[in-house]
Structures are given as structure tokens and as C-alpha cells.
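What TrEMBL records for this protein:
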DOMAIN    4-68  domain 'J'
REGION    57-79  region 'Disordered'
ZN_FING   126-208  zinc finger
BINDING   CYS139, CYS142, CYS196, CYS199  Zn(2+) 1 binding site
BINDING   CYS156, CYS159, CYS182, CYS185  Zn(2+) 2 binding site
Amino acid sequence: MPTDYYEALGVDRSASTEDIKKAYRKKARRLHPDVNQADDAEEQFKILGRAYEVLSDPQKRQSYDTTGDPNGRPAGFGGAGGGFGGFGDIFETFFGGGSAGPASRTRRGQDSLIRVRIDLRDAVFGVTKEVEVETAVTCTVCNGSCMRPGTSPTTCPDCHGAGQTQRPMRSILGTVIQTQTCPRCSGFGNIIEDPCQECDGQGRARERKTLKVKVPAGVDRGNRIHLAGEGEAGIAGGPAGDLFIEIDIRPHSVFTRRGNDLHATVNVPMTAAALGTHINLDTFDGEESLEVRPGTQSGEVLTLRGKGVTHLRGTGRGDLKVHLKVETPSRLSDKQKELLRMLAEERGEKPGESSTEHKGMFAKLREAWESV
Ligand SMILES: [Zn+2]
Ligand SMILES: [Zn+2]
């Protein structure tokens, strides 16, 4: 029985992919176990399939030529599997039906996504949050096996453990066997007669669990934290899915965030803006004293460097920008009106008069507001 793939296909080592395809079709027709009654026909047919699978794929063919690996894998390939490699796929392509061998009950658990709302302060400095998730966990009674402890599954009487049943079908290659998933065992090859009572044979149970999640400083709305293996437990002992935590940030009454900068607006009475003053502002870093210079105009911005949000990647922090809004007094008493009139007179300002300088200032102001 030839084990060299070129020999199995009966082609030259320099054969083109087209030649390989032709040779395969010709030989497959002759060697198919349904038409060939020879004892080793089935075995030879399998080898032929493997040979075709490897040699028809330029990458696998190259690996086979250099390493001789029967699955056409590159040298040092450490992956699981082996044996027939992708033979099931080629079998399926040519003859329909499922892949070779019984299916595994094992499946990876689903990924979960939950939203967590944090305070802006926690986004600035980072926080460790306790997060409650309702998820599927491995059943502790059957350990995920789905069976009542102490029992084992019985081999499926219909497919004798193969997971597939076969029926003859006419095709261009003559009568071929069509493989289909065994309906009795759903392709698993065995039947669990005595399922675990605790989880109803699911191997998993729903549970609320609490996780401690480290939220890094600098996270923003919509960022996701990836926790590998913290999603739903796998089915029948399969690996767990991942958990993604999507961050939402509660609006703050004083500070708004733009990128890594924080912005706040502080109202300054007109007189204080004219005369100059100090104002105290509660920031995330404690109380800060801000100097309002005499003659401060509405819309001026004071920048506190490094008092913004921590950079998510890298070091340092954004700035805190304080927008000053000069308040023009309203609801004046007669005395206040008189004082303002005296001030205007003293300054030589007449009612209804404006200067281009003022217009310029308003335009600048608008610009300042539109840019924030
Ligand atoms: Zn169970
Ligand atoms: Zn079966």
C-alpha cells in the first residue's frame, strides 16, 4: 500500500494542481469502496483523499515536500488534532454529509457583555469595582459531564458510536455513500441515559457571581475591558467564554470631559471680574485656588495643567480648563443703578454706545465658546 502521496495519486512530483485534481477524480472513481470490492479499497481510498487534500493545497504541498508531514503542516507545528487533518472537509465537498467521527459534546461557553457605570472621578483615577454577573457556571454535581455521577453514556445502537449513519446514493461517481448525522444520538455517538438531575443534563447552571474588576484610570465611555475565561462556562466541560465589561460614565454636575481634559464653568460677578479676586474650586485633586485677574473678560479660560483625566496608555494627565463666565448684574436697586451710572460717567461711557473693540471681544467670546 503506497503511503507516498504522489505515489498514491500516481502523479509525478512536478505535477500541476490541475494534474493532481484529474488524477484524484480518476482514481477516486475506481477506488471508491462502493464500487471496489477489494479488502483494502476503503483504506486506499482514505489515503487517496489525504493525498489529494495535502497536494491540492500549495502551502500544505510545500510543507509535505520539505518535512514529509502527513498533514502538510509546517515544521514545528504544535497544534492539536493530527490524524486525518482536514480530510473530513474534502470528503464533505465530494460526497456531502458530515465530517468523520462522532461529534464532541464539548463546546466553548458564550462571551458575555455587561455595562458598568462609574463616576467621572473613577475614570480619572481608576477604580476596582465589584460587578455582579448572572452567568452559566459548570454544574458542581456532575462537573459539567451532564451525566448523573457514577453513570456513563451508552454507545448509540444506531450508529455504533460513529455519530453518523450512511446510505447509498447515486451520483456521477456511481453509487456513493451519503453520510448524515445520526438522528438518534445527534452525532455524539453515545447517549446519556441517566442525565444529571441537578442541571437537567445541561452540565451547567445559572448563577449570580460577583467579580472584582480593575477599571484602569483613563477609561472612557464605550471602552471595553476584556476578562478572558470569565464568560459563560463551556458546555460539557468545554472552555469558558470571555466576559467584556463596557464602561459608561455618570455625568458630573461640575465637570465635563473632552478627551483627557476636564472642563468646568465658573460664574464670576462683574465687579469681581473687574477688580480681580480669588475663587476656590473643588476639584478631584482637592480644593484649588484660582486667580481671577483684574479686568477678566467673560469666556476667559484658566488652565490647571495635569489636573485632568489620566492617560489610559502612557503617563501623565490631561488639563483642567476653567471657563470664567462674567455675570452682569440684573434686578438692580435704585442705589445700585445710581452707582453704576456714576461709574459710567466717571469712565466717560454713554448709554447706547459701543466700540469696535467690544464687537471684537464678542466675536472672540463666541469663538471661545464654540471651540469648547
Ligand atoms: Zn449536572
Ligand atoms: Zn447514533
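Glycine is treated like the rest: Cβ placed from N, Cα and C.
For ligand 2, the binding-site residues lying close by, meaning a CB under 6 A from one of its atoms, are CYS156, CYS159, CYS182; the full candidate list was CYS142, CYS156, CYS159, CYS182. Same-chain neighbours of the Zn(2+) 2 site beyond CYS156, CYS159, CYS182, CYS185, judged by a C-beta within 8 angstroms of the site's C-beta center, are, in sequence order, PRO102, PRO157, ASP158, HIS160, GLY161, ALA162, GLY163, GLN164, THR165, PRO183, ARG184, SER186, GLY187, PHE188, GLY189, ASN190, ILE191. Cβ atoms within 8 Å of the centroid of the Cβ atoms of CYS139, CYS142, CYS196, CYS199 (the Zn(2+) 1 site) belong to the same-chain residues THR140, VAL141, ASN143, GLY144, SER145, CYS146, MET147, PRO195, GLN197, GLU198, ASP200, GLY201, GLN202, GLY203, ARG204, ALA205, site residues excluded. CYS185 (Zn(2+) 2 binding site) sits 17 Å from CYS196 (Zn(2+) 1 binding site), counting Cα to Cα. Non-local neighbourhood of CYS139 (Zn(2+) 1 binding site): CYS146, CYS196, GLU198, CYS199, GLN202, GLY203, ARG204, ALA205, each in the same chain, at least six residues away, with C-beta under 8 Å from its C-beta.
Only CYS139, CYS142, CYS199 of the binding-site residues listed as CYS139, CYS142, CYS185, CYS199 bring a Cβ under 6 Å of any atom of ligand 1; the order follows the sequence. Counted within 10 Å of its Cβ, the other Cβ atoms near CYS142 (Zn(2+) 1 binding site) come to 25, all protein chains included. Sequence-distant contacts of CYS182 (Zn(2+) 2 binding site), defined as residues of its own chain at least six apart whose C-beta falls under 8 angstroms from its C-beta, comprise CYS156, ASP158, CYS159, ALA162, GLY163, GLN164, THR165, GLY189.
Annotation note: CYS159 (Zn(2+) 2 binding site) sits in a coil segment as assigned by DSSP. Mapped onto three states, the DSSP output places CYS196 (Zn(2+) 1 binding site) in coil.
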